[in-house]
Amino acid sequence: MSCHVVFTDSREYAESASINNRAPFKESTQLGGCCVTGSFPSFNMAWTKYQLFLAGLMLTTGSINTLSAKWADMFSAKGCHGNPEHAFSHPFVQAVGMFLGEFSCLAVFYILLFHDKRSPEPRMNVGQSFNPLLFFPPAMCDMTATSIMYVALNMTSASSFQMLRGAVIIFTGLLSVAFLGRRLAPSQWLGIFITILGLVVVGLADFVSGHRDDSHKITDVITGDLLIIMAQIIVSVQMVLEEKFVYKHDVHPLRAVGTEGLFGFVVLSLLLIPMYFIHVGDFSDNPRQVLEDALDAFCQIGYKPLILLALLGNTVSIAFFNFAGISVTKEISATTRMVLDSLRTLVIWVVSLALGWEKFHGLQVLGFLVLLTGTALYNGLHRPLLARIPWCATRMNLDDEGSDAERERLLNEGRVPASEDT
């Protein structure tokens, strides 16, 4: 939750400057979770073993998170009351497991806080006191978007699912201009335009592959892609809400993730009850054709315990992914985290090809490269290269002064005294 650019996924929070008691950073990076203002890396490749471990952990657990969810979707097992074998299609149950993983970040926060208090020189900034209900609206956005994306993952490939999530920068950028009064740089507008082009290429790749792939109907693939993009609109609303109402309270990222996970877990668990009785016809793949049949999910897990392993992989990986992402931002840089997040898409695509879950399509490679270019421009990864050119370096310094003034304005507009009870 920063004052400049919003992340791609609300569960991937990065460490802000205030948590480390640092001076404000110069640049900002957009990643999946919340806004982070961070300096560009010095590109010093002499990483420590611990930094390499954190980068590897983030890349591995982030990839496992999407792959395990897709793996669960590919199982078939018998259901309750002697129902014949059918596909494990329970997106809302999977979403509950994901929120449970987020909720566990709250336990990690208090463990770290306890350890920090016992140290001779406590350095952990726990932030201001705040009303936890501040996180309820963004948590509901997270719950809705996550549920929609898990429904979509049943319809499309894991690699397309991960690539299309990059659409969030389009809606985040537009909403931040409309509701936060932010001024986007020309390179960010160009990044948004290129991202739109990349989404068109990925969608075209899915349309072409849909005619040659028996695992998904072409209508399901297109519907799934549209649902993913629709979910990114909700995610961008969540990001704007977090930046406008939550960031000013200087909440520790792990505590923020855990609080949203708590709300999402409790509310969605309760919603599973009415979902059991809501008939949706052919839209649902479970035998009773209801919105969600949690009992059928548990019966299928009982008949095929490997499904539980896939669900646990999703739950555990999201917790470690959040922790690793925050640590990467703290120990290396926010930009490094964005690069690793882009590599995660590549890993998911390569693993899906190796496992035979999808077929190779050249258009998908082109789409990935175009999306990567758009994301890099939006996040300013071109700036270190341009900084080597004298004229560009002078121009960039002028832009930095303007962005610093805007950042200070946005912070001052939302500043909340530490003693204020929300």
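Cβ atoms here come from the backbone N, Cα and C positions, even for glycine.
Through the fold, the transmembrane segment (52-72) approaches residues 12, 88, 94, 98, 150, 153, 157-158, 161-162, 307, 310-311, 313-314, 317-318, 320-321, 324-325, 327-328, 331-332, 336-337, 340-341, 343-344, 347-348, 351-352, 357 of its own chain, all at least 6 residues removed from its boundaries and within a Cβ separation under 8 Å. Per TrEMBL, transmembrane segment is recorded for 52-72 (among others).
According to TrEMBL, the feature transmembrane segment maps to 92-113 (among others).
As annotated by TrEMBL, transmembrane segment applies to 133-152 (among others).
If you look up TrEMBL, you'll see 164-182 (among others) marked as transmembrane segment.
Summarising the annotation, TrEMBL assigns transmembrane segment to 189-209 (among others).
Taken from TrEMBL, the feature transmembrane segment covers 221-241 (among others).
Positions annotated as transmembrane segment by TrEMBL: 262-281 (among others).
Residues annotated as transmembrane segment in TrEMBL: 301-326 (among others).
Feature annotation from TrEMBL assigns transmembrane segment to 338-357 (among others).
As annotated by TrEMBL, transmembrane segment applies to 363-381 (among others).
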May I ask which of the stretches 133-152, 221-241, 301-326, 363-381 has the most CB pairs under 8 A with the transmembrane segment (189-209)?
363-381
Using a threshold of three or more Cβ pairs below 8 Å, and leaving out pairs closer than 6 in sequence, do the transmembrane segment (338-357) and the transmembrane segment (92-113) count as in contact?
no
Spatial neighbours of the transmembrane segment (262-281) far in sequence, C-beta under 8 Å, 6+ residues away:
92-93, 95-96, 99-100, 102-103, 106, 135-136, 139-140, 142-143, 146-147, 288-295
